[in-house]
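Chemist: The structure follows.
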């Protein structure tokens, strides 16, 4: 007899470099705790980010820019992700890297604008009238065919719906009868009909029929409790980019050209300013009517020094437009040349006139104690057992080299411990792995010492 174990098919979450970040780790007063929500240290930067998230929530921050500046490995990307976690999934957060704007198919400014629109949400409130209940009767009424002949057409459908509160008889359009047939609605089914669109949805068989033995595997649902006729408010969250794309590429035409267009590989096309202007008009009309509200989100541009002078000039205009999100830049450069210029150098690789418009948040280097805490959190996230000695040693390595290098030694050290049959990662495992691999500084030193042996 063969017995097989059924393995779970749920997707295992891969541990990324910022999986441990769960939020900014602030208390009720907005002060940073020393270590909370996966973040350690950087108290002043975290408090500043906390104030910005509050401003975003109260919608007073749109069209402003923030720059996270600091040396590599001081948690700039982690802070931006923590802000996204704090804001929740209702506020759009669009991360991008500075080098993403360079494409052979579309302009740099188009990529920037696309991401700008992705970071602006629109919350549309819609009131739907719904008839819901168990079908008690379903009678199509026929009339003579106006075209002549012996055939008859359906003029209307009489349907009876029952809920726990009462019953109602409805006279429906013949087009709804087709929907009822498609859904295979019978007496005893629980359905709901949208009054505005005439959409019909069969939810299942009423559970009063559950005792009847039937060969078909039916899904039994309870009798609806409210009234037959109800008004439901449905809230939809879309971004402006979704609206742009939906209108830029209309789906389904019957002519041969659109058929061919659907078969061919879709080329990335630019969305024109005219189309965006039209969509903005419609959005403004919705906002004036109170049907929708604008939710300015966050656009996070990492490695902002990779943008060139043209992109920066475009950012000026984009930041000052009426519909603009909050832009968070991150850069680990000091004074460097602005890309696309010959000899203009500037702090963080950003032109001075744009630096004038941004609020700068500094991130400081971590102390050995903070590094130790971060490595401990990473070990917990990756599910590794590590001794105190090994943690302290990794903290020292992180201080001499970089935090990233110290964190990268964790998994190989745990693998070595497992090969040796140990459950806990000890100091000697870390030392052995550290001897096998080089960090950037020691590798550069070897290059300097042996520069004659390497090719130029």
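Every residue, even glycine, has its Cβ placed from backbone N, Cα and C.
Residues annotated as ATP binding site in Swiss-Prot: 70, 71, 72, 73, 74, 75, 76, 77. According to Swiss-Prot, the region 'Disordered' annotation covers 1-20.
Tell me about the setting of these features in this model.
Modeler: Residue 77 (ATP binding site) falls within a helical segment according to DSSP. Just so you know, the Cβ of residue 77 (ATP binding site) picks up 18 other Cβ atoms within 10 Å once every protein chain is counted.
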Chemist: Within 10 Å of the Cβ of residue 73 (ATP binding site), how many other Cβ atoms are there?
Modeler: 19
Chemist: Going by a 10 angstroms cut-off between Cβ atoms, which of the binding-site residues 70, 71, 72 has the sparsest surroundings?
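Modeler: Result for the binding-site residues 70, 71, 72: minimum number of other Cβ atoms within 10 Å at 72.
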Chemist: Which one, from the binding-site residues 74, 75, 76, has the smallest tally of other C-beta atoms lying within 10 Å of its C-beta?
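Modeler: Each of the binding-site residues 74, 75, 76 was scored by Cβ atoms within 10 Å; lowest is 74.
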